[in-house]
Structures are given as structure tokens and as C-alpha cells.
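Peer 1: Handing you a structure now.
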């Protein structure tokens, strides 16, 4: 009998080894911070003009072209103002100062893109009409999607008073996310305009407050040789405050949407989320434009998180360096952006893999990067409004360094033609009702992701928060007539995972965001588990998540098999152990 038991044990042991789950790579997260900008009562249209100028320069940087001169910028603004002032109905509610706008010290890399082809948007001669455009209904973007991730935000009370207050406050909102190993807070600026994190550089280590930007690939901090006059009163790095600092004579220069920096490459110890890289190469600036050096600029430098091929410095990004030194298994970045109007900031960056606690794996779509320049650019199947396609078969650049969304002029017109009460106000801008309640989705892979209606609003055009607002989608040519730029207005609605090795992007529904249907599903699942798996709770979970199970993309860039598969493996292992114990105890199976 004992011989039979050992024979069965010998047969079962290989199964036990096979079913034992691999230990997942520890999660490393960065928390995001908001960047404050003093508005000083600035009119929203004037603010949009600043976004316009920054966006044009950023667009020309994408194309490796020389940006327009200051005179060209001024002429563009004057032409738009004349068009608006010629309409007495719009003149009162969209007052624009007679004098040219003064130069502002804020760094406005968070961008808005006007069209470079001015013929695409005709100059109005009288009343600016409601948007009219031929709609693209041939692609069937909504029909192509096998499921839709819903958002439950509301504009019933118009533009958020909390968002207005945030625009006026010069403050940073810390992340409320429960940090895991390697975690950093992702801190929000104002009403979701920008995001910052803290890292440590040098020996002894100094803390630098940095912009975390997936739209660029260069990392830099001020040099101690730069001084307050050239680089502002910010934390700096050099031989006089770091024993491990190594300078070089290799120069670099980076031009952003607005502002630029010039300096030299250097190497020093850098720590991100508790992970330390020795002799990491980065830039130290010797000259910064006022957008970076002004006294009211809260951040010290910038961390580029795009693909390394985009780098002007020609060195590895911190994410790639973490992977090459073995501190993380793969160059994967998980991104969750917070939203001020949710009442909390749960934003974070995760280094090494996606944070499965924040995403719904049943909705995950894996998309191949289509850009050759180094941007996180992917196929976008359709943009749909209330079930009708506005456009299909487009490209989308996903950039956390951009606040708004930009579409080619014809696409932007087609989009707003389906928005009730929308109007073309010139210069690539559109007004929409602050109380908009329509369903707008963007389809990637087999899933349509709905944009929370709160994220469709840029700023109100008057003191009436239930009146007209500037749309967060504007018109502009980025690369061609099919490429969109999707910034934070869209990215707040998804969990984004980038993989520099596989050149893929994953988009998933958020389970930690109250505005997502996956949040309700996750809550119902938890209630069902707590209640012994009640059928009623499970039904609520199934109904809350309007995504079919076959919409899941089988490809995954995560470095572990995920919580679900890990749980299944653990269950199988426990079952085998129980069977072996029963055999050794002489029990019948």
C-alpha cells in the first residue's frame, strides 16, 4: 500500500512543480503631482492663445522644422480677433484685450494645436455659424467594437466650481494612491493641467521635483554653474554639491512647445522610486528660457519617458536604464492619471509592469506602436458620438505632456458637427455647452473607451458656468490628415501601459476611478466575494461592466501572468498538496 502511495506521489510531483506560479516582478510606482500656474484673472481665450503658440512650436519640433516667428504668431492672433470682433453677438461674451498679450513666464508645454493650413478653416465674415461638416458614417467604429467602457461623470451643473478654484490656486495636489514598492506620487497641477514627481540625484542625494513626460525623451536638471539669473531659484546639480557628479564637454539643446534649454551631458547617481542607477547620463542646463527659470515655476527639471530614439541627448531614458541595469525586468511603464473633480488624486507611475489593482484586464487592448520617430503612436479605429462615427481609421499619439486633444481640421469639424450647440469660434477653437451630456467614445482594438464629459471642457467662456465652454478638442495638423494627439483629456479615462522593448501600448479600463463602469464592476465583485458570492452582487458586476469577455486582447506586455492566472495557479498547487497529504495519510481520494 505504501508503495502505491509513493508511486502516486512520484506521478504528482511534476504537476506540482509545473503549476507553481512564478513570482511576479514587484510593482514600482511613481506618484504624479500637479504643476501650479498663476492665472491672474486671465481670460480663457487668452489662455487658449498661449496654448496655441506652444502647440505650434511643439508641432514644428515633431517635424524638425523652424517654428514661425513672433510676428507670424502676432498676425495669426490679430486675424482671429478681427473675425470675432466683427460679430457683435460674440464680442460681448468673448472679450479679448485690444493690446497684444504680454509674454508670460509660465512653461506652456501643455498644448493646443492650431491648423498650419489656414485654408482648412475659412475665416468667418459675419456671424460664426454652428459647425457643419460631412460626417464619416462608413467605418462603423462603434459597431466594430465588441464592448464599451462607460464613464459616469456629469456636467449637469456646468463647469466645475472646484476646477475654477484650482485654476486660481497656486498649489499642488498630492496623490492619495496607496503606494506599493517603488511607488512615487503623481501630483496634479491645477485642474489636471500637468503632472510632477520627485526623484533623487547626487551624493548626498538631493530631491528634484520633475515633470514626467511621455512626449519627450530627454532628462535634465539645472547645473550649479547656471546660477539664479539663467536657471532660476531651483535645486541644481554639480561638483560642489555631489561627490559622484561627473561632467562632460558634450553639449545638448532641447526645444519644447514653449521654452528651451541648453547645457552639457553629465553622469551621477539617480534614484527613482527607491531604485538607484549609478553613473546615469543626463543633461545639466547652463541656460534656460524664462518658461523654466521663472521664480513661479515649481519644477526643477524634466524626465523624458518616450522612446529613446526621440532623445536629443542620444542617451538612454531613465526607464530604459532601469531595465538595462536589471532594476526592473522589462522597460514597462504603467500610467494612471488623477482627476481633480473626482475629489481625490489617485495618480501614479508604475515601473516594471502594470498595476493590476488599477485596471480591468478583461478590457485590455494591446496596440503596436506605429511611429518611427519615438512617440507612443497607435491605430485608433474610430471616434464615435452617440453611436455615430465622426471619423474612422485614424492614428493617435498618446502624450501625458499634453493637456488637451488635437485633431486634423476636417476631423475636428466633423467631430463638433455632432455636438449639440457647438460652434466654430475661429483659430481652430470650438465652443460647446458647459452642460454637454453626449456619449463620446474612442475605439482602440475591440473596445470603445468613453471620455468623461467633464474632460471635454477646457474653460468656461464667461462667468456663467452653465453657458458655453471652450472644447478640449481643437483643430490642428500634427503630422498629416489622419493623426490625432490625445493628451490628458483622454488619458484620464484609461490605464495606459507602454513597453519600450515590444514597442506596444496597452489601454485598459480603470477600476480605481469612480467614473468608470469597471469601478462599479470591481466594487460589485468585492461585495460578492465578501457576501459569499451572492448571485445578485455578481449580476450587478456583470451589468455594470459593458464589455464582452471576447473583447480581451490575448497579447499582454505585463511581466507577470496577472492576478487572475496567479490565483488559479495557487489554487491548483493547493489542490495537489492536499491530494498528496491525503495519500500520505492513507485516505481515499
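Glycine too: its Cβ is placed from the backbone N, Cα and C atoms.
Caution: TrEMBL annotation is automatic and unverified by curators.
Take a look at what TrEMBL says about it:
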ACT_SITE  213  active site
ACT_SITE  399  active site
DISULFID  226-231  disulfide bond
DOMAIN    195-508  domain 'Peptidase A1'
SIGNAL    1-19  signal peptide
Peer 1: Starting from each candidate's C-beta and looking 10 angstroms out, tell me which of the active-site residues 213, 399 has the most other C-beta atoms.
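Peer 2: Per the Cβ count, the most surrounded site is 399.
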Peer 1: Measuring Cα to Cα, how far is residue 399 (active site) from residue 213 (active site) in Å?
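Peer 2: Cα-Cα, rounded: 8 Å.
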Peer 1: Would you mind reading off the Cα separation of residue 213 (active site) from residue 226 (disulfide bond), to the nearest angstrom?
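Peer 2: Cα of residue 213 (active site) to Cα of residue 226 (disulfide bond) measures 23 Å after rounding.
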